[in-house]
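**Student:** Just dropping this structure here.
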Amino acid sequence: MSQEKKVFKTEWAGRSLTIETGQLAKQANGAVLVRYGDTVVLSTATASKEPRDGDFFPLTVNYEEKMYAAGKIPGGFKKREGRPGDDATLTARLIDRPIRPLFPKGYKHDVQIMNMVLSADPDCSPQMAAMIGSSMALSVSDIPFQGPIAGVNVGYIDGKYIINPTVEEKEVSRLDLEVAGHKDAVNMVEAGASEITEQEMLEAIFFGHEEIQRLVDFQQQIVDHIQPVKQEFIPAERDEALVERVKSLTEEKGLKETVLTFDKQQRDENLDNLKEEIVNEFIDEEDPENELLIKEVYAILNELVKEEVRRLIADEKIRPDGRKPDEIRPLDSEVGILPRTHGSGLFTRGQTQALSVLTLGALGDYQLIDGLGPEEEKRFMHHYNFPNFSVGETGPVRAPGRREIGHGALGERALKYIIPDTADFPYTIRIVSEVLESNGSSSQASICGSTLALMDAGVPIKAPVAGIAMGLVTREDSYTILTDIQGMEDALGDMDFKVAGTKEGITAIQMDIKIDGLTREIIEEALEQARRGRLEIMNHMLQTIDQPRTELSAYAPKVVTMTIKPDKIRDVIGPGGKKINEIIDETGVKLDIEQDGTIFIGAVDQAMINRAREIIEEITREAEVGQTYQATVKRIEKYGAFVGLFPGKDALLHISQISKNRIEKVEDVLKIGDTIEVKITEIDKQGRVNASHRALEE
């Protein structure tokens, strides 16, 4: 990489974009500093000197949010950044997906992309800056990379598309779309939307691609100026004679029939047996440890299986389980299967099954998100778990990984637009989707299961949501789009295009591909085919439960809303929180108080809610002119008595207002602790209350 500092500038969505090379991180294979407005990201690309064994490309993308970038000190005892949060993990995945297909086939060197956010301007997306930085770091390095690529964020406000909307604009946008690609095609899409149509989504994607093309041209100019020398990479060549022999054996032993097996586990077992039979043909009795040859034969077999699956789909329009290209697997669903939970839904599609379980909590149970932006209170959460047994395997039980975090976030995006507002449903909602069986499209099964759980729980959602995953097999001059892909089609196909939405429109999409990019024609056809599939699944779900239940579970907390004057909030809280803690200790309720005076009281026991409400009403109660009260004498003065109307509110009962008869001394008729009925006659501008007993005698 060049050791001389060079600076390149352009404009991006009305803000300055600067890329600097040659000054920082010079021992990395490639490094750039991206300045976008006040956002600054350092992106580096490093590759190992030797390739790794295995049949996969070891690419790792990291995205690190440094709290100093937003002028914050990390929380916790150690006061330093820990493991990446969910948002950082999702951004790393977002960058990985458009970059991964653009490395040479067979390249097995470890490649690590590091993105460090050094300064964060919320209106100048650090995520999109890091995507451009990752592309540029690879492009100016000696690592073989068929880029550059770029990514943009697209919003949709009042019928107009916007590139990289500000935080304020995102609040009112019907679309939050991230799209990436190279000059000729789109190769990554991620979006959340408020029921927008397929045509609106298509236009948004290619509106974004126009800006991507300009950014790619800018990057290419930098590459042409720097002229990096790339590593020479020559893929290993197959022994054609060996390939032909293995191919002949697979035909002999019925590869087509082995692939065309409905049951996933049976198919996998049959393929393993077929491979073992063929490998045995090559084991030299005199040299049983000929591992290189055996490894080569296995690699050829895997390629032949892939070719056969793709040939069957593209040429014969037959899928491994016998379905047509646009056919959905058998569907089954149930609700209310877990009696003590607040809501549950079981959704099964073929050999993929998800159990979604919903829990309702008080508003105070929200998740606090403390990242580079302002603190955020999240009251709807969707979590996704993928245990080993779901694919018939064993292994260590670990914390959720990148894939589980990503699938959980996709489901959350798909569902958050149908979640009712706090005013209509004052609860925190958490859904956990447990994948019990998987043969592809488990993330979309979790979306369907979560919709069932929401309706089973009685959450007044705006509309049901269903999800489906689309696949693609391309040939030189043709392509076949697949509806509801299974695991083998995902692994051996060219695309995984997930689409979720209501009957009216799309709420989330996610597209990953293994080829260079997709044309407008393919994306348009895939969206339409997904719409038809989504509606078919929706109709099935509505036969199980057609609307949210009218009552919550008996085990769910009940939430009552009441309103007090904002200046009374301090009375309810008390000094150091003393009063509110007393209420909670006595009743066991959860109390959430908003700045506008709205109070949410939550508990399973309605009697405890009622008691908490009574206490708050007593604390915040105000005297009213004309009302009568049973008051208690608290203090006696020469000019009258101070009487307590109710806790926290006293009134002056003037000596002239005690009786219609003349009184010489207050003590002659009243003593401390006496009860006397009074009527409120005046409340002055300072809030002082005057009362009268005489008015009740006249």
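Note that the numbers count up from 1, one per residue, in the order the chain is shown.
Glycine is no exception: its Cβ is also placed from the backbone N, Cα and C atoms.
When I checked Swiss-Prot for this same protein, it listed these features:
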- ASP490, ASP496: Mg(2+) binding site (BINDING)
- 557-616: domain 'KH' (DOMAIN)
- 626-694: domain 'S1 motif' (DOMAIN)
**Student:** Mind checking how the domain 'KH' (557-616) divides into helix, strand and coil residues in DSSP?
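**Tutor:** Counting residues by DSSP class gives 32 helix, 16 strand, 12 coil.
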**Student:** Over the domain 'KH' (557-616), what does the predicted model average in pLDDT?
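**Tutor:** That region's mean pLDDT is 90.
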**Student:** Fewest other Cβ atoms within 10 Å: which of the binding-site residues ASP490, ASP496 wins that one? Let me know.
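**Tutor:** Among the binding-site residues ASP490, ASP496, the lowest count of other Cβ atoms within 10 Å belongs to ASP490.
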**Student:** With DSSP as the reference, give the number of residues of the domain 'S1 motif' (626-694) in helix, strand and coil.
**Tutor:** 7 helix, 36 strand, 26 coil
**Student:** DSSP three-state call for ASP490 (Mg(2+) binding site): helix, strand or coil?
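**Tutor:** The residue in question, ASP490 (Mg(2+) binding site), is helix (DSSP, three-state).
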